[in-house]
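Copied from Swiss-Prot, the annotated features are:
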- 426: active site (ACT_SITE)
- 430: active site (ACT_SITE)
- 153-173: compositional bias 'Low complexity' (COMPBIAS)
- 174-195: compositional bias 'Pro residues' (COMPBIAS)
- 82: phosphoserine (MOD_RES)
- 111: N6-lipoyllysine (MOD_RES)
- 155: N6-acetyllysine (MOD_RES)
- 269: N6-acetyllysine (MOD_RES)
- 274: N6-acetyllysine (MOD_RES)
- 275: N6-acetyllysine (MOD_RES)
- 279: N6-acetyllysine (MOD_RES)
- 309: N6-acetyllysine (MOD_RES)
- 153-214: region 'Disordered' (REGION)
């Protein structure tokens with residue numbers, strides 16, 4: 001059967017070629033009949049005859065095979081070493097038209113969310129991972145059929161112009177009002193008011209009270225709903241519980257007089273803004289003071305390796321700054337703080353904070369860190385004990401600045417005061433070292449000249 005079909009195709013193609021060249025007498029005007037696939041090579045073939053007809057036009061058709069380069073498979077981007085997998089949340093569906101660099105899906109990892117854009121203009125052919133599915137680096141995500149141009153927004157169809165009404169003679173649809181008649185009678189004279197008649201109370205029927213709704217009919221007062229924990233929240237819970245189970249956490253407290261740092265900020269914030277195009281805040285003072293104290297107490301910058309039972313001392317200072325986002329708490333890292341000045345620190349904090357608010361933090365921005373600062377004072381926290389961010393050994397908690405009466409030189413004065421808390425791993429850091437470290441931070445913030453004099 002296959003050989004017969006091929007024979008018919010070849011014979012018909014040769015006949016059509018002859019028609020087009022004009023060499024065949026059958027193609028001049030009419031066809032008495034064409035016999036296909038009849039010969040000694042095919043004894044069982046049947047005779048196929050095309051009835052007499054006039055050849056008006058011959059049109060050729062061909063099928064175009066889809067080029068493999070037109071359909072591409074987009075894979076999961078490579079993750080950092082500390083991240084193994086993530087959950088997929090689709091922004092597009094099969095059949096959607098996407099432009100180049102348009103976000104197709106978002107992969108939520110333990111630390112951040114990674115957006116996967118479209119590499120070219122095209123149409124999504126298939127989603128290879130279900131919504132909420134787990135993927136690793138290099139896993140195929142979806143297939144895209146590329147198109148030439150970016151998808152254009154559909155223009156609203158213009159409404160057809162309304163046909164102009166035909167001109168017709170104006171006909172009054174409302175008859176003219178009748179002529180007003182002249183009244184022949186005088187209007188009635190109103191009667192004088194009559195005194196009110198009183199009724200006995202027993203004769204008054206009480207008004208029926210509105211029906212009271214049954215308690216069971218009220219809906220929504222005690223409702224509850226459930227939401228699945230996102231991967232970042234699960235990771236935060238796991239790490240905090242891990243720190244609680246592993247570290248011997250202890251917290252020491254102190255208070256800082258913010259008078260000098262507030263005065264310095266008030267005096268130089270305009271010049272600082274003009275020169276560096278940055279606002280001078282309080283966080284840079286605490287970051288710089290922490291780096292100064294970490295150099296004086298390197299054990300606070302160290303960590304215990306539980307696998308090898310060794311203490312790892314770091315010669316660099318990378319400070320993580322906790323930032324609250326709608327998805328959860330993130331801790332971007334300011335690296336090599338010991339080499340930075342106030343302007344460098346403020347610029348880095350501003351850039352990382354902006355990326356955190358836009359959910360654009362990369363995993364590399366939060367990887368590592370040797371010490372953490374958490375500022376609960378921006379939310380009004382007066383006092384608190386922060387939890388260590390593993391694999392670190394200490395965390396500093398800042399709190400709200402409140403005017404309080406304090407004793408200064410034997411007199412009571414109102415000063416802007418802040419409570420600070422240092423939570424540390426008591427397995428590695430002794431109380432003396434922790435208290436000394438916190439007092440170094442206090443001295444550097446209360447009098448920044450300590451940093452200049454290296455006291």
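Just so you know, glycine gets a Cβ as well, placed from its N, Cα and C.
In the three-state DSSP scheme, residue 275 (N6-acetyllysine) falls into the helix class. When the Cα of residue 279 (N6-acetyllysine) is compared against those of the recorded positions 269, 309, 426, the shortest separation belongs to 269.
For the recorded site, residue 426 (active site), the DSSP three-state label reads coil.
Between the listed recorded positions, namely 269, 275, 426, the fewest other CB atoms within 10 angstroms of a CB are found at 275.
Closest to residue 309 (N6-acetyllysine) by Cα-Cα distance, out of the recorded positions 275, 426, 430, is 426. For residue 269 (N6-acetyllysine), the nearest of the recorded positions 275, 426, 430 in terms of C-alpha separation is 275.
With respect to their backbone Cα atoms, residue 275 (N6-acetyllysine) and residue 430 (active site) stand 43 Å from each other.
The two recorded residues, residue 430 (active site) and residue 274 (N6-acetyllysine), have Cα atoms 44 Å apart.
Here the Cα atom of residue 274 (N6-acetyllysine) is found 45 Å from that of residue 426 (active site). Scoring each of the modified residues (274, 279, 309) by how many neighbouring Cβ atoms lie within 10 Å, the top position goes to 279.
Residue density at residue 430 (active site): 12 other Cβ atoms are found within 10 A of its Cβ, drawing on all protein chains shown.
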